[in-house]
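Following: one structure in structure tokens, then a few remarks.
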């Protein structure tokens with residue numbers, strides 16, 4: 001049977017952990033009480049004559065205390081609205097020294113008051129949010145009614161073509177959107193009745209206070225009454241310009257549909273927040289009940305019944321607002337977003353996390369075993385047969401093999417290595433209770449866990465190693481090596497096909513999420529930047545070598561230079577020019593993201609972050625130029641720029657991204673809150689990151705090590721950079737998670753489509 005402490009640790013909301021009842025601290029205090037009683041019992045056995053009467057009195061006292069209440073719990077209500085009510089425990093029986101027990105109940109009172117107050121605050125916040133979202137829905141229903149009237153009127157005037165798609169039907173009963181008014185003491189706001197100009201409506205369209213439509217891509221926002229006025233003018237002029245009016249109407253209708261999606265997401269997130277608060281109440285109630293039973297068992301008193309009567313009447317347990325709000329949201333969601341389909345609504349509101357199948361583990365083992373077998377076979381053949389064949393009889397043959405095979409297989413290997421690191425990250429984040437799914441905004445029912453990622457990685461590894469072995473056999477046996485060069489291209493095409501495969505299989509949701517994020521990265525100045533986007537863009541900055549190889553492969557296969565590989569050499573002017581572009585693209589994307597975030601948030605830290613990527617771009621340009629010119633002046637400039645950029649990045653890693661090196665931190669040179677128990681791991685990680693940062697320098701400067709082929713050297717250091725990025729990922733998300741913990745941010749605040757204004761512009 002799982003202990004409650006472990007059950008509590010696994011089920012509590014990570015971002016609210018400090019607000020939960022500290023069950024573990026209370027258990028330690030009970031342990032001290034037990035040890036104190038054991039010491040008292042041993043001292044009582046020192047004198048044999050006193051032992052028997054003492055034990056008898058102790059037994060009688062224990063029986064008496066089990067029958068009578070030993071404590072009283074007082075509720076102190078505050079007169080000042082700024083101060084909060086609090087509970088305080090008083091001992092009725094003054095016999096014996098109970099300093100430890102008094103300290104225990106003082107801490108217990110503190111935990112109860114903390115839980116109670118946190119619940120009040122969060123409930124108030126969620127209730128206010130519910131009122132805002134409900135009001136937004138009323139505004140959306142107003143626009144829906146107008147569009148339905150417009151469609152009917154347009155059909156009578158001009159027999160125009162019906163606009164594609166229909167809005168969901170909604171009940172005319174206002175109770176469908178007034179459910180929140182029954183929760184708490186708030187009253188529903190009165191709605192001003194306003195008929196559309198020049199048009200008599202049987203069911204008057206209710207227009208609330210003027211609002212902004214905050215979903216326009218370009219131009220200033222319009223108020224609701226202004227939008228209706230524009231649409232009405234389009235309707236009146238439809239006979240004059242039917243096509244133009246229809247086009248304008250379609251555009252405005254798409255905006256309303258987008259507003260509907262925003263409100264649906266807002267209701268889902270509000271429902272999720274209420275569910276977390278209900279879990280908070282249940283777990284704390286259980287924790288208090290468990291710890292009080294343990295207290296009765298240790299001390300032999302009957303304090304749990306008295307204290308639990310108070311806990312049951314406490315606000316966090318007695319309030320039913322959360323349950324009512326959840327019921328109301330279910331009714332509203334079913335009525336307005338799923339056409340009355342309750343089952344479909346529950347799939348949105350209560351998504352079920354997919355369980356890991358045993359088949360995943362089974363095939364994971366199969367793929368890894370096959371990959372190891374192919375790799376072993378390739379190594380044996382390369383050692384025994386490879387260099388004795390005609391294909392490898394001369395240095396030119398070996399160079400040709402490396403020119404055609406190594407770039408594409410190293411490209412794919414780096415991508416798969418990054419996937420392995422991501423799977424390792426997911427495993428560690430889950431083990432350390434870091435809520436990565438919330439940070440990245442993953443869907444609960446479709447997110448990939450670490451087993452799924454490792455399954456995909458192992459399958460791709462099997463494909464790469466199998467292709468490598470097949471190509472080697474074909475290259476050493478076929479008379480025309482050109483035919484064997486098609487095999488790496490086929491492997492690459494399979495990778496691309498899997499990524500873009502439209503059928504709902506092979507984790508399509510995750511693949512499309514990745515592609516959507518990649519699209520926003522490429523067009524970063526035109527999209528609002530979210531955590532998943534700039535996190536993925538950071539990963540791309542560690543794959544400069546992979547992008548360079550991608551350029552080489554495109555040159556080798558697509559431009560038709562397979563037999564004249566000299567056109568894809570570094571000294572080729574066209575190839576070298578594109579090499580600048582490819583090397584700078586990841587840093588350019590991150591620079592644009594930082595610029596967009598600065599425009600949206602007006603935080604100068606984003607400009608400083610953009611300066612880091614700008615310095616990396618300068619270092620990359622100087623390094624590539626030095627490699628082309630090979631002069632002393634460019635060498636000095638390269639050393640200065642690369643060193644400055646690396647120091648900039650290392651400082652940003654430690655201080656900003658990881659939140660470490662805090663001088664005033666209670667943990668020396670770290671931060672106040674740590675996820676890992678051993679502090680030495682953080683210092684070792686900083687040292688490791690410091691040295692691995694030079695792998696990034698090598699990927700730009702192309703420094704050679706010993707007598708290794710320059711391709712192998714580049715691949716080795718590029719792999720180190722990928723490993724460093726996977727190592728960096730853990731601490732970056734740990735710091736982000738702790739920021740959410742500090743702000744008690746466990747659910748998103750979805751932006752609403754309409755804004756309330758005092759008057760129309």
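Keep in mind that glycine also has a Cβ here, set from the backbone N, Cα and C atoms.
Nobody curates TrEMBL annotations by hand; they come from automatic prediction.
Residues or ranges marked as domain 'SPX' by TrEMBL: 2-309.
Per TrEMBL, the feature region 'Disordered' maps to 166-188.
Here TrEMBL flags 359-384 (among others) as transmembrane segment.
Tertiary proximity for the transmembrane segment (404-423) is limited to same-chain residues at least six positions away from its ends with a CB under 8 Å from its CB atoms, namely 450, 453-454, 456-457, 460-461, 464, 467-468, 471, 475, 485, 488-489, 491-492, 495, 539, 542-543, 545-546, 549-550, 552-553, 556, 562, 565, 711, 715, 718-719, 722-723, 725-726, 729. The feature transmembrane segment is assigned by TrEMBL to 404-423 (among others).
Sequence annotations record features per position, and here TrEMBL assigns transmembrane segment to 453-474 (among others). Here the transmembrane segment (453-474) has Cβ contacts under 8 Å with residues 360, 363-364, 367-368, 370-371, 374-375, 377-378, 381-382, 386, 405, 409, 412-413, 415-416, 419-420, 422-423, 426, 483-485, 487-488, 490-491, 494-495, 507 of the same chain, all six or more residues outside its ends.
Taken from TrEMBL, the feature transmembrane segment applies to 486-507 (among others). Residues 404-405, 408-409, 411-412, 415, 448, 452, 456, 460, 463-464, 467, 470-471, 474, 514-515, 553, 557 of the same chain lie 6+ residues outside the transmembrane segment (486-507) yet bring a C-beta within less than 8 angstroms of a C-beta in it.
If you look up TrEMBL, you'll see 570-761 marked as domain 'EXS'.
Per TrEMBL, the feature transmembrane segment maps to 573-590 (among others).
According to TrEMBL, the feature transmembrane segment maps to 610-627 (among others). Using a Cβ-Cβ cut-off under 8 Å and counting only residues 6 or more beyond its ends in the same chain, the transmembrane segment (610-627) has close neighbours at 541, 544, 570, 576, 579-580, 583-584, 587-588, 590-591, 594-595, 598, 634-635, 637-638, 641-642, 644-646, 648-649, 652, 700-702.
The transmembrane segment feature in TrEMBL is assigned to 634-652 (among others).
Feature annotation from TrEMBL assigns transmembrane segment to 680-697 (among others).
Same-chain residues lying 6+ beyond the ends of the transmembrane segment (573-590) with a Cβ under 8 Å from its Cβ atoms: 521-522, 524, 534, 537-538, 540-541, 543-544, 547-548, 550-552, 555, 567, 610, 613-614, 616-617, 620-621, 624, 628, 700. Over the domain 'SPX' (2-309) the predicted model carries a mean pLDDT of 70. Within its own chain, the transmembrane segment (680-697) is flanked in space by residues 542, 544, 642, 646, 649-650, 653-654, 658, 660, 669-670, 674, 703, 717-718, 720-721, 723-724, 727-728, 731, which lie at least six positions past its ends and keep a Cβ under 8 Å from the stretch.
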